[in-house]
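Visitor: Take a look at this one; I'll ask things after.
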């Protein structure tokens, strides 16, 4: 959530952010300022009327003691009318504040000055490409064929049991999932993250705290009867762990890692891009979250990015780092990098991680603050998160990039202690 003072003092900057991100209309800023002016005028008038009412009320007792009952009754009648006006003005202020809060939640975060201005994914900047793309002397099979051949994933039965995009993992496919879970969590713990097991459902306040509401409301599954949302990412419960709290300076920085299933409706996803494990409604992910003082957040972003990239390095997967342009950023992000792995059979890049700095945007919504000194005024923290990493496309890349002429798949050495096997297929 943006600070209202920013909207009041620099509306042009906020409008530019709306245009740059392609989210909402700049007219929203004007509407918000009009409501803000109405609210402030009503507050001023309310204070004036209350002050006058208090002055008159003090006169009533004196007039009665002096036997001036008629004058006292006239003032009582007048203060009664003033009370009606006070109640009306209070309602006006409350209505304006409610509408103001509703509208300010629709304003996206302002991009950091270092973010390139652009309309869509074509304007993202490739900052680095790491690793060598595999070369084959045969036609590599896509991961969905390999998974079917080796009985690793069953999408058809998943569709029968739940619906499209809800896979079963079988045998070595299930063991590979579990191996990735432990591999990613162990690496995060070694890098100073505190492991956490978080709730898989959140309430609307938590979804609002991290910005999923109202921006991604339509992309989340919902359980209306109990007022819950199955989490679209563990960012939501982990960041809200400190919602409505004031931390001490010594408590920062905080680093958390957690594994969770995630659920996303992914409305409007069709075609070849969604085949196999490319896009699912239920998937597994390890999430990395950092909560830091404001002056440390961009150093923390670099460190978080390195944490995610190091896992890809360890898996020997070729990948590239993208700095996302304004038009391809999310609603809540001030700056974001995407990490994409190379898919050898599909011959395209697959996103496996977004690493983001939200600055104070989420902290203001969730009221996560800290004190530099015990008696100091609380200040907002900065929040960051990144996937470390999302499993499905990692599995897709591992299968496609490491397939052998005999149809088997050789797994990277870093996973062998976790899987208990080095190869899938060819009767390893």
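Including glycine, each Cβ sits where the backbone N, Cα and C put it.
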Visitor: Of the candidates 51, 114, 387, 408, which does Swiss-Prot annotate as part of the L-serine site that also includes 233, 234, 235, 287?
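Guide: So the L-serine site in Swiss-Prot includes 233, 234, 235, 287 plus, from the candidates 51, 114, 387, 408, 387.
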Visitor: When the Cα-Cα distance from residue 265 (ATP binding site) is computed for each of the binding-site residues 233, 234, 235, 287, 387, which gives the smallest value?
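Guide: Ranked by Cα distance from residue 265 (ATP binding site), first place goes to 233.
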Visitor: Could you say whether, by DSSP, residue 235 (L-serine binding site) belongs to a helix, a strand or a coil region?
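Guide: Note: residue 235 (L-serine binding site) is helical by DSSP.
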Visitor: Let me make sure I understand the span of the ATP site: among 264, 265, 266, 351, 352, 353, 354, what is the greatest distance between any two Cα atoms, in Å?
Guide: 18
Visitor: Rounded to an integer, what is the Cα-Cα distance in Å between residue 351 (ATP binding site) and residue 234 (L-serine binding site)?
Guide: 17
Visitor: Determine, from DSSP, whether residue 287 (L-serine binding site) sits in helix, strand or coil.
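Guide: Assignment for residue 287 (L-serine binding site) reads strand.
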Visitor: In the structure shown, which of the binding-site residues 235, 287, 351 has the fewest other Cβ atoms within 10 Å?
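Guide: Per-residue Cβ counts within 10 Å for the binding-site residues 235, 287, 351 bottom out at 351.
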